[in-house]
Amino acid sequence: MAQDKTIMLPIFLSLLLSASDALVQDFCVGDLSAADTPAGYPCKKVSAVTCDDFVFTGLGKAGNTSNIIKAAVTPAFVGQFPAVNGLGISAARLDLAPGGVVPLHTHPGGSELLVVVQGTICAGFISSANAVYFTTLYKGDTMVFPQGQLHFQINSGNDNAVAIVSFSSPNPGLQITSFALFANSLPSAVVEKVTFLDDEQVKKLKKVLGGTG
Ligand SMILES: *[C@@H]1O[C@H](CO)[C@@H](O)[C@H](O)[C@H]1NC(C)=O
């Protein structure tokens, strides 16, 4: 038995080492010239990767909040920041002017962690059991929005509010419920049926949000 072990150990170790050589990859900076897949983008050649690939400078700048929601989301998802490809993470900056709101929305692909860096934000989510979890967040406060849950952020202060958010996915996606209902060509009659809203309200919202039909 003792002899078997002394023979087996080096064989086992060499198998382990060659397996880890084959499987462990330090990073896979996304090659955005190829198509995205459920497993992410293919990797840019390591010889072409530089330190700059791992740095995203876009979150230092305020987004443009001159829009109907008085809010801007500046993403550092894989599409803007290919270094997060395959790492299961990404980030974004949220700017909310006074009165600004990120309307009810979901990120189908990942959970969200929000850190308030300036101002006051009323934030919350509605679980799939339709339970409501919402509160007022101040500078330094952090809230988590579990994957797929409908959630929102409202600037509830008098000044600009800023938050940095991170996601448990390089490509969490973003779907805003009101835009899904009123900013496309789904016929008003169908929207009325599926929302229980009356014709006047649906047509008004379609006009405001740019929908047709
Ligand atoms: C912000 O967006 C508005 C509306 O699209 C545009 O008119 C304005 O020029 C933009 N401001 C800046 C600083 O880009």
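Glycine residues also receive a Cβ, built from the backbone N, Cα and C atoms like all the rest.
Of the listed residues CYS28, CYS51, CYS28 is the one TrEMBL pairs with CYS43, by disulfide bond.
When the Cα atoms are compared, HIS105 (Mn(2+) binding site) and CYS43 (disulfide bond) turn out to be 31 Å apart. Close to ligand 1, meaning a Cβ under 6 Å from one of its atoms, is not one of the recorded positions CYS28, CYS43, HIS105, HIS107, GLU112, HIS151.
Here the binding-site residues are HIS105, HIS107, and the one with the most other Cβ atoms within 10 Å of its Cβ is HIS107.
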